[in-house]
């Protein structure tokens, strides 16, 4: 600071001397360096020690991505479901002794109730069972259907029904069509079915043959 002050005094003395010698010259002053106090005001104040850590804010992209991932529904596991198998309808002429699981559409031709034997009901609170033999068939053949209890009300003459999961029972060597608790009787719209009554499968008698005896006789 002292050095700058001395140099400025010398320059001012020289300038006054030159003005006296040469009055035509224009005097001007050289800007001097500012004091240390000004420098201290202009310069930023430095703090001792390490700089304070920056405050980390939330990254909008990361937050949005996290919310998106949370909002997205998780993919459900693909379950392999088998399609419901459609029933295969058969004709009355295709029925064979000892078979079951038949689905067919037949028309009721006639219904005859079977009288119950005395003492069939074991106790008084049980309702006596109702049994009817109904002649049913289609354009290929006819057969006797054994209707029990509530089935009797469905098997009215002239009604067209779908028999699902029907089976063949044997009664005195002849076939009887029946539907148990595993099956179902569905009354459908009347269909134009001409029942072939002359081909009654229940009139065909079957004889139970022991295969072992036949093999021994041979």
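Our numbering is plain: 1 for the first residue shown, then up by one each step along the chain.
Glycine too: its Cβ is placed from the backbone N, Cα and C atoms.
Annotation comment: TrEMBL describes 10-19 (among others) as compositional bias 'Basic and acidic residues'.
Per TrEMBL, compositional bias 'Polar residues' is recorded for 20-39 (among others).
According to TrEMBL, the feature compositional bias 'Low complexity' maps to 58-81.
Long-range neighbours of the compositional bias 'Basic and acidic residues' (82-97) within the same chain, counting only residues 6 or more positions beyond its ends whose Cβ lies under 8 Å from a Cβ of the stretch, are 103-106, 136-143, 164, 168, 170, 175, 177, 199, 201, 206. Annotation source TrEMBL lists compositional bias 'Basic and acidic residues' at 82-97 (among others).
Look at TrEMBL and you will find 110-125 (among others) tagged as compositional bias 'Polar residues'.
The domain 'Single-stranded DNA binding protein Ssb-like OB fold' annotation in TrEMBL covers 95-187. Over the domain 'Single-stranded DNA binding protein Ssb-like OB fold' (95-187), the average per-residue pLDDT in this prediction is 90.
Taken from TrEMBL, the feature region 'Disordered' covers 1-125.
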